[in-house]
């Protein structure tokens with residue numbers, strides 16, 4: 001049920017059909033297995049990380065609380081997108097209800113922005129740990145993490161609410177086939193008979209304001225870290241710090257690069273197959289989720305030891 005601009009109510013579109021790869025339907029066949037494996041890896045790795053941090057009292061530290069938050073966000077994003085995509089691939093179950101579509105749209109936008117914000121807070125945490133080690137315990141406290149978590153939730157819940165609202169208030173007058181595997185804002189909005197300029201502007205401005213400001217602060221943090229690390233005289237300290245922060249930064253850049261490529265392929269849609277941004281959009285919800293716990297978690301000595309202790313207890 002949707003409200004038209006003149007106030008009348010329309011019942012024309014009660015559900016949508018997700019038509020994944022319009023030009024390359026055979027992609028579904030070879031994508032389903034790697035996508036399933038990535039989904040299982042993401043859920044398993046993040047699940048193990050969360051259980052380890054929860055059960056190991058030695059890991060009840062601010063940095064690990066941030067890791068827990070990142071894992072939770074990754075799991076929610078994966079569960080919101082991948083099971084539905086796999087049911088389309090395996091059972092051709094393309095239908096999604098009107099409200100489920102807009103709920104998926106909201107969760108995707110909100111949680112991706114929350115993840116970007118969490119990366120920013122983690123970059124600040126690393127900056128304090130490396131550049132101001134003596135003040136670390138007085139700055140990065142449990143209270144700081146609680147405030148950061150409230151900020152992450154409040155900023156992104158409020159800023160992303162208009163996206164599904166602006167889309168849901170449009171008049172959908174018959175066309176209901178979304179040329180995407182997921183309910184992406186612009187893929188859904190372009191089916192309406194109304195002007196979608198406001199939707200486009202808000203999506204673009206909101207995306208660049210939230211993710212862009214996070215990325216600038218992340219780059220600033222890692223630039224200051226790099227500068228401090230290169231001044232270290234201790235043997236091995238430079239290599240260790242560069243190894244840790246380098247892997248973090250590569251992952252954050254990957255998270256943002258995929259978004260940038262997605263935007264550019266949308267802009268240059270005549271030169272690129274429309275299935276490419278659809279594929280990138282799906283992979284963006286599972287690849288970072290699978291890599292985050294490995295890069296941030298398993299490469300951290302304390303977490304590795306925590307997992308080993310839990311396995312010994314289990315046996």
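Every residue gets a Cβ built from N, Cα and C, even glycine.
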Range annotated as transmembrane segment - as stated in TrEMBL, picked from 144-166, 167-189: 144-166
Positions on the same chain near the transmembrane segment (63-90), where near means CB under 8 A and six or more residues out: 18, 20, 28-29, 31-32, 35-36, 39, 42-43, 46-47, 49-50, 53-54, 96, 104, 107-108, 111-112, 114-115, 118-119, 121-122, 125, 129, 140, 142, 145, 148-149, 152, 181-182, 282, 285-286, 288-289, 292-293, 296-297, 302-303
Mean of the pLDDT scores, which run from 0 to 100, over the domain 'G-protein coupled receptors family 1 profile' (45-296): 88
Distant-in-sequence neighbours of the transmembrane segment (96-123), which means Cβ under 8 A and at least six residues beyond its ends: 1-2, 13-18, 63, 66-67, 69-70, 73-74, 76-77, 80-81, 84, 148, 151-153, 155-157, 159-161, 163-164, 167-168, 178, 182-185, 188, 210-211, 214-215, 217-218, 221-222, 248, 252, 255-256, 285, 288, 296
Same-chain residue ranges lying at least 6 outside the transmembrane segment (27-51) that approach it to Cβ under 8 Å: 20-21, 67-68, 71-72, 74-75, 78-79, 82-83, 85-86, 88-90, 275, 279, 282, 286-287, 289-290, 292-294, 297-298, 303, 307, 310
Same-chain residues near the transmembrane segment (276-298), Cβ under 8 Å, at least 6 residues beyond its ends: 20-21, 27, 31, 35, 38-39, 41-42, 45-46, 48-49, 52, 67, 70-71, 74-75, 77-78, 80-82, 85, 108, 115, 122, 179-182, 184, 247-248, 250-251, 254-255, 258-259, 261-262, 265-266, 304, 307
